[in-house]
Structures are given as C-alpha cells and as structure tokens.
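Pulled from Swiss-Prot, these are the features on record:
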type	residues	note
SIGNAL	1-23	signal peptide
DISULFID	34-58	disulfide bond
DISULFID	35-74	disulfide bond
C-alpha cells in the first residue's frame, strides 16, 4: 500500500511539473518584438548593420534595423529606402 501511494504521489508530482510545458499548442510562439510606430526619417545606410522582419502575429508589419551602436529602429516595410536597405544587406 505504501509503495502504491508513493508511486502515485511521484506520478502526480511529475505531472504537475510537466503540465505548464504543454499548455500552449505547438507552433504558437508569441511574437518576441513588435513595432507600434515607425521612424519618421531615413537612417544613414552606414549606421545599419543588419535587419529582421517582425512576426506576422504583430498588429503592424515592420522591419527592424540594427545599428552599429546596438539600437533597434522600426521602419515601414513599404518605404522605398527600407526595401533598398534590405536588398543591400541581403547582398552583403
């Protein structure tokens, strides 16, 4: 009887620790960063080191430029200079 109670207790303890890992459906990662506004001016190309696009789960599509100083600047992906910088960074 003691063995059965111990085994059941251990099983419940393991289930309690594992449950939070399975609470979200697979493939439903929340967005890590979203932009709520865009920069109002064009960045100097020499300051931009890299870029990434925000998640499709964000309410506003954006391109985030990473600068030499480590800043992250949100830009409108439909702006011509933004698409030009993205193409340039892809080639280099």
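Including glycine, each Cβ sits where the backbone N, Cα and C put it.
What Swiss-Prot annotates, mapped onto the structure for a quick look.
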residue : record         : CB count, 10 Å
34      : disulfide bond : 16
35      : disulfide bond : 20
58      : disulfide bond : 15
74      : disulfide bond : 18
Cα-Cα distance linking residue 58 (disulfide bond) and residue 74 (disulfide bond), given in Å to the nearest integer: 13
Tell me the Cα distance separating residue 58 (disulfide bond) from residue 35 (disulfide bond), rounded to the nearest angstrom. 8
